[in-house]
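Only one structure is covered here, and it is reproduced in the block below.
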Amino acid sequence: MKRQLALGTNNLNKVKEVSSILMELGIQILTPKDLKVSFNPEETGSTFKENALIKAKELFYLTKIPSIADDSGICVSALKDEPGVYSARFGGPELNDEGRALLLLEKLKGNQNRKAYYACAIAYVDESTEQSFEGRCEGLISEEYDRIGIYGFGYDPIFIFPPLQKPFSQIQEETKNSVSHRKKALDELLKFLKTKP
């Protein structure tokens, strides 16, 4: 039987990204929907790591299947690392991904400091273990929203990846998945999972 991990997200883009990266270990990823559980934990942590652990613990409690969850976001130097853990809620619940990205551009208007990084913390929880892994991807915030790119989600249309000098929204998934903050955290998780029976 395939090894199974429950993934604490309802975001299909994250499911796809995590599944493609963990495929090499032959791990079957199960979502809350697959497991028919209602999963909507309150993210009350002040760090990505705390929020990831809240989600992984909740999912393990509901399913009793070894669980992973991530919390990630974008941190902008000129905004004192905001929106940070509030990235998905930045600007309020009425904004979608594009609205949040445009609001971020508005807040940076005229600011020369465009440094930013994507951060990701992934937590693993089972009956005897609580572990977390972190990754970062450094970049810059663009001057305008990219309407050409067809890849990615969230803040990808305004996040410039310096080695390729283009926004994540113009970088194919395989390439992005090899350099992303989530990939770096998942690589650490992979190392850990290889040591677990």
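Here the Cβ of each residue, glycine as well, is placed from N, Cα and C on the backbone.
What Swiss-Prot records for this protein:
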- Thr9, Asn10, Asn11, Leu12, Asn13, Lys14, Ser72, Phe153, Gly154, Tyr155, Asp156, Lys176, His181, Arg182: substrate binding site (BINDING)
- Glu42, Asp71: Mg(2+) binding site (BINDING)
- Asp71: active site, proton acceptor (ACT_SITE)
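Structure coloured by features recorded in Swiss-Prot.
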{"residue": "Thr9", "record": "substrate binding site", "Cβ contacts under 8 Å, 6 or more apart": "Val15, Val18, Thr31, Pro32, Lys55, Ala69, Asp70"}
{"residue": "Asn11", "record": "substrate binding site", "Cβ contacts under 8 Å, 6 or more apart": "none"}
{"residue": "Asn13", "record": "substrate binding site", "Cβ contacts under 8 Å, 6 or more apart": "Gly152, Phe153, Gly154"}
{"residue": "Glu42", "record": "Mg(2+) binding site", "Cβ contacts under 8 Å, 6 or more apart": "Ile54"}
{"residue": "Asp71", "record": "Mg(2+) binding site", "Cβ contacts under 8 Å, 6 or more apart": "Glu43, Gly45, Phe48, Lys49, Glu50, Asn51, Ala52, Lys55, Val85, Cys120, Ala121"}
{"residue": "Ser72", "record": "substrate binding site", "Cβ contacts under 8 Å, 6 or more apart": "Phe48, Ser87, Tyr118, Ala119, Cys120, Ala121, His181, Arg182"}
{"residue": "Asp156", "record": "substrate binding site", "Cβ contacts under 8 Å, 6 or more apart": "Gly149, Pro167, Phe168, Ser169, Lys176"}
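In three-state terms derived from DSSP, Gly154 (substrate binding site) belongs to neither a helical nor a strand segment and is classed as coil.
Taking every pair among Thr9, Asn10, Asn11, Leu12, Asn13, Lys14, Ser72, Phe153, Gly154, Tyr155, Asp156, Lys176, His181, Arg182, the residues listed as contacting substrate, the largest Cα to Cα separation comes to 21 Å. Around His181 (substrate binding site), taking its Cβ as the centre, 23 other Cβ atoms fall within 10 Å, counting all chains. According to DSSP, Ser72 (substrate binding site) is assigned to a strand segment.
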